[in-house]
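Annotated in TrEMBL:
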DISULFID  C33-C246  disulfide bond
DISULFID  C81-C91  disulfide bond
DISULFID  C96-C103  disulfide bond
DISULFID  C152-C236  disulfide bond
DISULFID  C157-C219  disulfide bond
DISULFID  C165-C182  disulfide bond
DISULFID  C186-C195  disulfide bond
DISULFID  C196-C206  disulfide bond
SIGNAL    1-24  signal peptide
Amino acid sequence: MDRRHLSSTFVLLLFISFFSEVNPASFKIVNKCRHTIWPGFLSGANTAHLTTTGFVLKPGKSRTVTIPKSWSGRLWGRTLCGVDSSRKFVCQSGDCGSGQIECSGNGAKPPATLAEFTLNGAGGLDFYDVSLVDGYNLPMLIVVKGGKGGNCSATGCLLDLNGACPSELRVAGQNGGGGVGCRSACEAFGDPEYCCSGAFGTPDVCRPSRYSLFFKHACPRAYSYAYDDSTSTYTCAGADYVIMFCPPPYTSQKVFGARKDGALLPLVNKSMIYISSLHANGASLSDGLCKGMVVGFEFLVLKLGISH
């Protein structure tokens, strides 16, 4: 092989490498809820801003957002939104306080289910998770499309926990409506033991609480408290992502494609799939967990027509 051919090959490889590194990712936001949601985005410090920070998404609709390759930030869903008497846009859950549909640099008011991303991080990997550390307001699923490296597993919280939320954490809707969110113990009580702060600010001291375990039992792959990294952070490289709100608890394998999921924990706890309907009026923590565990999975398969 002569030098000219070697040189042209090197330039071609350099060209391909350059464009693969700067190629943006895409986030497809899908609304499987029976109601309208308003997704919001918050970019992290020293990261590129997005072309949108909030929009409306009707039931059954989707929207794809182009994401800069080294972006880090979070997204969530807002519910029960409208314009108040002062003409400001407000939401009963996940409100970002901007007074408009675009969140414009504001984050979600807890409780809110969060999808968190750091793209093209250490080792060129994307790091992503679904977090309930700030509480819960909507079921959410992250599915990887394409990509390589890491585990590229799906993650999320597929169950509707608002009805099953312990009464001391439950956020009721306006005008006596049903639950619209489930607070974290840190948000509800402010105790350093629950917040992993002060004397409890290290992972060897701050341990899972009975409240964080409520979330973890229902949604094994989601972050349930501040130091839940080992079972809640997932990685991939060069991927696109589907973020689905209100996915069916047993989402079809077609959504995941042919990828083998090697995650240590299941995506959903089968014994708690029906818990929200059993406790639509709220429940104590012990009742919610114990009764949810005894629901027959095979009954649910027959009742809901789910294949497994």
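Backbone N, Cα and C atoms are what each Cβ position is placed from, and that goes for glycine too.
This view paints the features noted in TrEMBL onto the structure.
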{"residue": "C33", "record": "disulfide bond", "Cβ contacts under 8 Å, 6 or more apart": "P59, G77, L138, F245, C246"}
{"residue": "C81", "record": "disulfide bond", "Cβ contacts under 8 Å, 6 or more apart": "T36, W38, F89, V90, C91, Q92, D95"}
{"residue": "C103", "record": "disulfide bond", "Cβ contacts under 8 Å, 6 or more apart": "G40, F41, L42, T53, G54, C96"}
{"residue": "C157", "record": "disulfide bond", "Cβ contacts under 8 Å, 6 or more apart": "T113, V130, L132, Y136, P139, M140, F215, A218, C219, A222"}
{"residue": "C182", "record": "disulfide bond", "Cβ contacts under 8 Å, 6 or more apart": "P111, G135, Y136, N137, L161, N162, C165, P166, L169, R170, V171"}
{"residue": "C195", "record": "disulfide bond", "Cβ contacts under 8 Å, 6 or more apart": "C186, A226"}
{"residue": "C196", "record": "disulfide bond", "Cβ contacts under 8 Å, 6 or more apart": "C186, C206, Y225, A226, Y227"}
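A count of other CB atoms within 10 A of each Cβ picks out C219 as the most crowded of the disulfide-bonded residues C152, C219, C246.
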